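Participant: TrEMBL feature annotations, pasted as is:
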- 6-187: domain 'Thiamine phosphate synthase/TenI' (DOMAIN)
- Q36, L37, R38, D39, K40, N68, S107, K136: 4-amino-2-methyl-5-(diphosphooxymethyl)pyrimidine binding site (BINDING)
- D69, D88: Mg(2+) binding site (BINDING)
Amino acid sequence: MKEFRLYAITGEEFHQGRDLIEVMEAAIVGGVDIFQLRDKNSSKKVVFEKAKRLKELAQKYSVPFIVNDHIDIALAVDADGIHLGQDDLPLQEARKIFGQNKIIGISTHEIAEAREAELNGADYIGVGPIFPTKSKVDVVDPVTTKYIEEVVKEITIPFVAIGGIKLHNVDQVLAAGATRICAISEIVGNEDITKTCQEFIKKIEARR
Ligand code: 3NM
């Protein structure tokens, strides 16, 4: 998959009433180079409508668009990828349905899961939650930056650090070896989304 640095995920509880497209467009303008629709509360029909609009936005800026969980919606809107959790459809089954040329990412919370994801052909893994987060309900305890260090040593596919990452603590994450950062609340919950993303990019680039 194409190289990326800053991955934004929608989190409409943080959008402060702003439109989904407006929020994600501000993030892309600020430097987000891959983004995901994550909506655990809406009906499939509503998620589909959002996905259709976000796919248009992705095309406008030529950035990959990922759909969380819903492989059927990802196929219907021709999304660039899907993101799976540990309890979703097994990766190899998702690959059969979704195809070789699409991006499949999976959340991992320990090195055994990272190894398995690599073995099963994931394009990237999520590594987290690094810090405590309120953005995910069924979240496991923070894995800390130690998990990043383990992944750096062993795993060769791209990984993105996630969970409680803010401008004020991202340096610790980068120092542990992460080169790609993912966030919900710090990006989409910010007053100035574009500026926040620009600052993330500056910090990531400074360490690369
Ligand atoms: N996945 P925020 S943590 C969606 O560890 C998600 O797999 C996680 O939101 C994981 O940036 C998380 O607001 C929430 O903490 C990230």
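Backbone N, Cα and C atoms are what each Cβ position is placed from, and that goes for glycine too.
What TrEMBL says about a protein is an automatic prediction, not a curated fact.
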Participant: Can you list which of these binding-site residues (L37, N68, S107) have a Cβ closer than 6 Å to ligand 1?
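Facilitator: Only S107 meet the Cβ criterion.
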Participant: Could you list the residues of the same chain, at least six apart in sequence, whose Cβ is under 8 A from the Cβ of Q36 (4-amino-2-methyl-5-(diphosphooxymethyl)pyrimidine binding site)?
Facilitator: Y7, A8, I9, T10, F65, I66, V67, N68, H83
Participant: Compute the centroid of the Cβ atoms of Q36, L37, R38, D39, K40, N68, S107, K136, then list the same-chain residues not in that set whose Cβ lies within 8 Å of it, in sequence order, for the 4-amino-2-methyl-5-(diphosphooxymethyl)pyrimidine site.
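Facilitator: Close Cβ neighbours, site residues excluded: I9, T10, D69, H83.
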Participant: Would you mind reading off the Cα separation of D39 (4-amino-2-methyl-5-(diphosphooxymethyl)pyrimidine binding site) from D69 (Mg(2+) binding site), to the nearest angstrom?
Facilitator: 9
